[in-house]
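Participant: Mind looking over this structure? Questions follow.
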Amino acid sequence: MWNREIKLSIFGESHGNGIGAVLDNLPPGEEIDMEQLLAFLARRAPQNGKAGSTARTEADTPEILSGLLDGRTTGAPLCAIIRNTNTRSGDYGNISSLARPGHADFTGHIRYEGFNDVRGGGHFSGRLTAPLVFAGAVCGQILERRGIYTAVHILSIHGVQDTPFDTVHPDLQAAAEVKRKSFPVLDNRQGERMQVEIERARLGQNSVGGVVECMVTGVPAGIGSPMFEGMENDIASIVFGIPAVRGLEFGTGFAAAKLTGIEHNDGFYSEDGQVKTKTNHHGGILGGITSGMPIHFKVAFKPTASISLEQDTIDYKNNTNQKLVIKGRHDSCIVPRAVPVVEAAANIAVLSQLLQHHKG
Ligand SMILES: Cc1cc2nc3c(=O)[nH]c(=O)nc-3n(C[C@H](O)[C@H](O)[C@H](O)COP(=O)(O)O)c2cc1C
């Protein structure tokens, strides 16, 4: 469970009856536009023909069990279930006790003493990001009503770079357009190059990773806390809940270590009564508290673990050395589908911090 001012519980297994989310402590009376919500979920869903995407297609339509009445939040826990309809567990028969390198089969088996549902990755499956996206889509609508907007795109795939966001003077129109693209990049030519990389990986029965860039605009200065309950902490804890995340950088991130103070410090100035900075190396957060500049972070995703090339592994039931060839259906790159997941994570963390602030 993600247990902050907002509480989020995600349940289900990839090949069980369904998956879902319980979202607690939302403000009451918030209108939720279902059409907009479904459009958000559709951005994460596997799509036939989309570069690198798994052939598993599913409607991903959430059924709301509680917390919403006449299109508005009631203040009671918002619970949604998404039924699993397209499961072919037979594909996974040959890997039932062969640990997929890079996946959670071995660690999950040890942790749950062999009782966990391994079909399709069980509770470790990327499919569990659908309820996360549901929760983030709801939070996003509440934030947008307060002038807060989350922008996301693919920054790179296997080293091919998109144009980064301008995090000082954000172009919100371009940010809105990128969300409507089936391959969400700012520079379509670079997007085509990325898709070539993904296709090359697929043909080689291999996979590639990449980076998603996220920027949240309109968050007022003064939201957050120092040390353990800051804005960075909450974003980090939910972002690391996304499967396959390997790194997170706020603002200039690791590159800050190579700069001098005068290069890295963002000079303040006042304009129309508002305090701003000329650059945004700090990623909109200082001391765990928002500065009023766009919150900015990047998330690194590893290459998809399930690849069809032969790999060394063990049979975790009898500890024998084995060779593994994965059949199944897998994304050769999960990054395009992870873009709305990162947006959802940001929405949940930022709304939670905002509600905490207003409560205080
Ligand atoms: C949207 C999305 C889809 C994913 N699809 C797959 C997949 O098809 N095959 C796979 O091996 N991993 C996939 N993953 C990643 C695994 O779920 C993840 O690597 C695994 O649970 C181990 O967790 P870890 O990588 O965080 O350590 C996906 C992740 C996301 C965010």
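Note: Cβ is positioned from N, Cα and C throughout, glycine not excepted.
Please treat TrEMBL annotations as automatic predictions, because they have not gone through curation.
Feature annotation from TrEMBL assigns NADP(+) binding site to Arg44. What TrEMBL lists as FMN binding site is His123, Phe124, Ser125, Gly287, Lys302, Pro303, Thr304, Ala305, Ser306, Arg329.
Looking at the shown structure, what environment does each listed feature sit in?
Facilitator: Around the Cβ of Arg44 (NADP(+) binding site), a 10 Å sphere holds 25 further Cβ atoms from the protein chains shown. Arg44 (NADP(+) binding site) falls within a helix when secondary structure is assigned with DSSP.
Under the DSSP three-state reduction, Ser306 (FMN binding site) is assigned to coil, being neither helix nor strand.
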Participant: Which residues does Ser125 (FMN binding site) neighbour through Cβ under 8 Å, counting only same-chain ones at least six apart?
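Facilitator: Once residues fewer than 6 apart are set aside, Ser125 (FMN binding site) is near Glu13, Ser14, Pro243.
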Participant: Within 10 Å of the Cβ of Thr304 (FMN binding site), how many other Cβ atoms are there?
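Facilitator: So the Cβ neighbour count for Thr304 (FMN binding site) comes to 23.
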Participant: Output, ordered by sequence, the same-chain residues six or more apart from His123 (FMN binding site) with a CB under 8 Å from its CB, or 'none'.
Facilitator: Gly12, Glu13, Ser14, Gly108, Asn116, Asp117
Participant: Under 6 Å from ligand 1 by C-beta, which of these binding-site residues make it: His123, Thr304, Ser306? Sequence order, please.
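Facilitator: Correct list: Thr304, Ser306.
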Participant: Please report how many Å separate the Cα atom of Arg44 (NADP(+) binding site) from that of Thr304 (FMN binding site), as a whole number.
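Facilitator: So the Cα of Thr304 (FMN binding site) lies 16 Å away from that of Arg44 (NADP(+) binding site).
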